[in-house]
Amino acid sequence: MTYSIGQRWISNTETQLGLGIIIDLNGRQVSLSFPAADEERIYSVDSAPLSRIIYKEGEEVTTSNQQKMQVTRVEERQGLFFYTGVDDAGNERQISEVSLDCFIKLNTPEQRLFSGLLDKLNTFKLRIDTLNHVSRLQQSPVRGLLGSRTSHLKHQVYIANEVAQRYAPRVLLADEVGLGKTIEAGMVLHYQLSTGRANRVLIVVPQTLIHQWLVEMIRRFNLYFSIIDAERYELSYELDEEEGIQIGTTQENLFENEQLVLCSLDFLMDNEKARQQALSAQWDLLVVDEAHHLHWSEEEMSPEYECVEELAKHSKGVLLLTATPEQAGIASHFARLRLLDPARFYDLSTFKKEEEGYQQINVLVQELMAYEEQASAETLDVALKSQLAAYLGDITGLQVGQVISNLLDRHGTGRVLFRNTRAAIQGFPERQVHAYPLECPAIYSSLDAQKGQRKLYPEQLLDKEIWLENDPRVKWLANTVNALHPQKVLVICAKANTAIALELYLKVKMGLRSTSFHEGLSIIERDRAAAYFAEQENGAQTLICSEIGSEGRNFQFAHHLVLFDLPLSPDLLEQRIGRLDRIGQRHTIEIHVPYLLNTVQEKLFRWYHEGINLFTHSCSVGFTLYEEFEEQLLPLLDTVGTQPHELEQLIAATKTRAEQINQALHEGRDRLLELNSCNTPQAEALIAAIEAEENCLELENYMAQVFQEYGIDHEYHSEHTEIVRPGDHMKTSHFPGLKEDGVTVTYSRAKALVREDVEFLSWEHPMVSECMEMTLDSELGNATLATISIKSIQPGTLFLESFFTANCAAPKKLQLDRFLPLAPIRVLMDISGKNLSKILDYKQLNQMCEPVKRHLGYPIIQQIQTDLETILAQSKKVAEAQLQEIIKQATVQMQQSISHEINRLEALKRLNPSIREDEIAYYKKQLVESAEYMQSTALKLQALRVVINKI
């Protein structure tokens, strides 16, 4: 093409310069100005990497004074193009190309193809692969369950799937200690947030659990919560001393400024303004931990209960994490249910009668479980069949499993309460306790005058130099660690300064490999400490944790636990042991407890061990026993010189009561709840689907493509693990999840569970999902040119491969991409209009395609542009016809799916009043809205590949 001053061109190698204009022609050189970048370039006329920009009728252009107009006519005069068109006001205008806006973004496949902005074949392949991966994930039955850094435990996966799929779930999570209620809540949050079911979440926990929740949500689910506390409130409203202006205003609501908020109940109770602002903000999900500490009775309720009750009223969904119903008692259990649905649970006495009625169903279920699930109901005992008929009517033709399922539907609280027990879930290790009574040193002689918990932690009263040298527990610890070498030893103590002092003593004075883990460390520092402890060959033998620092962390690769001191809470002690006592632990847990003779430590140890039997067996009734015996226990712990018989009497009374409660729990074992809380066949099917979907090798190969394309350096670290760093020639200024100094990532779930300092990349990790989104939202890979060599086809034969998708602009919460995914509609067509898509598929064509040298691309496209436009128009007609059929099938599938859910809930509601009317109403509204959005689905061109046969 001939160059003329005033013509508009773009640089194929520096598209970011915008639309250039020829300002000078000098022999064999052409000079362009790029006003958008305020730069100039000089090119050789023979090899200038430039593409001519010419608009066509029907396209929209923008002038240099930001006026838009629709082109109706194009004329060429002396090498320049003039455009006639209609502006936004309906007026006809004519402009020269010289007046075009210099800020131009050619991003559609057609614009880039006909402007010669062609991608490499690998870049094109990345785009198509991304489309296919996104489409597959959108339709996956385990979507939303892939991204958690957790083991695949059946009860957790089942609860997450069952609860998270609901609209605004309002449930109680009441598993026994150690079964992972926090993980279950996190999995529900991850699912609801990733699928658009929820956007705003408030988590309310006791102050001591703030950091545990923050770390768990980040480390396991990549959910970054903002902590709102007194310090942040003060900072927000303080006066700027230099400027004399207020940073925040009284109108600003900090709770509305963040989508994911974490705060303590103590803070809300102490700060009236914060409480009112939290109530005025709208929440999709409210999560409350330790809900059994909220006191309620028919006569009165605590201020804390009232606060949570108000929050629950202002939140669509509510997750309450609480002790088991057996631990908390029937009234306390009713109080939690009342927070979820006050209209359904309105009267305690009515609730008690209702629950008593379910006991008969419970008995029937236990009798049925003696039969095989596939057995015919005809084979049941005559008396049993008669009893079942009273509830179910005629059961002829049903299998036992179906009979049990029908009974479960009638369980009043089964849909709002999930409670798993260790008795029902196998795989936990045994425990063995080793007690080490030690003489109390003289340095602690002042203990007698102390009260309460200060007696439990006497080292807090002295300088570390003194107690480290004189407390016999310190030397005992060093000797024990030495004797256990090379086995890993986890040490837990109450205070951070105790952990720091012990770690320095073991490392510096005793020469032992150790590290500490406490709340004073950042999350990254804790991850590094945990990784150092996890390292088998050159890692630390001992990890010393503070109480708060160790919360939420599990180290089941170790099986020796040292309790340097004891907490004044059975549940907290159970949580300490739970750091090692997890499903999957392959060894007996060896619990080592040093204590000082004739002190509060000895009394508390004996009460826990001999009274509750807490060390050798998991205890689900510790909270109940502590509340029952607290008034006897605390004075006895504080009293100096307690008579031996007083302690013996307390231990004996506690032991008797513990046996009574445990026996009652065993006899009243609620099989209805257990079956509702974990449907094993369903859970196993879900886990199998998750494992099939997460295929780490496929993801590893895909991310290698991504890193290569975006200029990210990645090097081998170990199997399925690599180090990823910013490259010198990155294509983007921001790459999702990539830190300046790099990040180590693994595609192996097993490795991620051991190495907490390594990022676990799954298909739902933000780095992966945002990379896919970034690729598809950009023009990357949407236009390319290739050649093939097929002897049976005439040389020069032209093909155009087009990829379209269904574009349905609907709210994410409707999840219409389940029915209308980004599955590419592929059309491969020649100039005769013949659709060859089924004759030559995408993979076959990929293998045959060869790249075209960059400088030849634009001249070739110019020569065949008219033919390409003809083929593209025909391809669009073919794709449009396919789209209409896709919409039709998707609409039927959507209507069947949502109608099935509506019918199921309405049928359940006739049997079980716990089904909420607003849940049914939501699905009915969703059915109508989904149909409307689907009908507005349009075709979107995603990519074009021009293929020329060169033989």
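Each residue, glycine too, has its Cβ placed from N, Cα and C.
Annotated domain 'Helicase ATP-binding' per TrEMBL: 162-343, in sequence order.
Applying an 8 A CB threshold to same-chain residues 6+ apart, the list for Leu179 (ATP binding site) reads His155, Gln156, Asn420, Thr421, Arg422, Ile425. DSSP assigns Leu179 (ATP binding site) to coil in the three-state reduction, placing it in neither a helix nor a strand. Marked as ATP binding site by TrEMBL: Asp175, Glu176, Val177, Gly178, Leu179, Gly180, Lys181, Thr182.
Residues of the same chain lying 6 or more positions beyond the ends of the motif 'DEAH box' (289-292) and with a Cβ under 8 Å from any Cβ of it are 172, 181-182, 185, 203-206, 209, 213, 308, 320-323, 327-328, 332, 336, 339, 623. Per TrEMBL, the feature motif 'DEAH box' maps to 289-292.
If you look up TrEMBL, you'll see 460-637 marked as domain 'Helicase C-terminal'. Taken together, the residues in the domain 'Helicase C-terminal' (460-637) have a mean pLDDT of 89 on the 0 to 100 scale.
Cβ atoms within 8 Å of the centroid of the Cβ atoms of Asp175, Glu176, Val177, Gly178, Leu179, Gly180, Lys181, Thr182 (the ATP site) belong to the same-chain residues Glu184, Asn420, site residues excluded. By a simple count of nearby Cβ atoms, those within 10 Å, the most crowded of the binding-site residues Asp175, Glu176 is Asp175.
Per-class residue totals from DSSP over the motif 'DEAH box' (289-292), listed helix then strand then coil: 2 helix, 0 strand, 2 coil. Counting neighbouring Cβ atoms within 10 Å of each of the binding-site residues (Gly178, Gly180), the lowest count belongs to Gly178.
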